[in-house]
């Protein structure tokens with residue numbers, strides 16, 4: 001299902017000058033396909049498409065050739081002798097940002113299409129914290145997690161606290177950027193001895209240290225996949241191969257358990273990212289990030 005946003009409504013998705021760290025803070029923990037467009041801080045005139053996908057935040061550079069177009073571009077024709085600007089992302093070229101966003105409504109970047117812009121209400125919610133304001137804990141015991149909302153960790157791991165919704169359960173983030181709920185009795189408060197420890201957690205997903213807010217753009221950019229369209233169930237059955245094991249909550253009878261390598265018949269594609277399907281004679285819902293769609297033109301090549 002295509003994204004539910006108006007690509008011509010600039011104010012909903014364009015954030016102007018925003019650092020990578022600020023973009024991560026806005027998008028981390030959002031559902032797959034939530035995105036924003038910002039100015040590149042290292043390449044003036046270019047843009048960056050930042051997207052929440054596969055439990056991380058990916059950043060795709062959008063290179064602009066020729067005069068930088070307005071956002072969205074004016075319908076006026078360029079002066080004689082001036083070539084119109086072109087926008088390139090990966091191997092794709094577009095005349096405007098709205099055209100680019102429309103394309104990725106129905107084509108995958110890596111593991112998701114564009115679903116909706118991040119809400120601007122998060123800008124004033126205190127979600128962006130400077131490192132000195134962050135709170136950390138150290139694990140006293142191993143914790144394997146009991147359900148999908150939990151964040152597993154090992155004894156000695158350093159975690160960054162993001163929120164405290166309950167007295168005994170806090171929301172935390174590990175050094176890989178994964179987030180989830182942790183049991184408070186399993187951890188102790190921890191104060192980093194140096195900035196290098198705090199920089200390790202809560203930074204960008206490419207492994208380089210986060211920069212000060214509004215600072216340079218660290219780390220490499222992701223590359224979009226080549227022309228992978230969102231499948232259309234009206235064209236016939238769609239199959240996918242499980243790439244990540246899933247053990248659903250025992251109390252959720254509508255969730256589908258998955259084992260790596262199993263074949264899933266997709267029966268419904270929801271914009272939320274929770275798809276529905278059949279596997280081993282059982283029907284239920286599952287996160288689409290746990291499967292890889294097979295080549296619908298030659299599915300038999302993947303069935304073996």
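Including glycine, each Cβ sits where the backbone N, Cα and C put it.
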Identify the region 'Disordered' range according to Swiss-Prot, selecting from 36-60, 61-85, 86-110.
61-85
Swiss-Prot annotation (region 'Disordered') - matching range among 172-200, 201-229, 230-258:
201-229
Please compute the mean pLDDT of the model over the domain 'SH3 2' (235-296).
83
Compared by Cα position, which of the modified residues 40, 41, 108 is the closest one to residue 237 (site 'Proline switch')?
108
Residue 108 (phosphotyrosine): which of the modified residues 40, 41, 239 is the nearest Cα neighbour?
239
Determine the Cβ neighbour count for residue 237 (site 'Proline switch'): the number of other Cβ atoms within 10 Å of its Cβ.
11
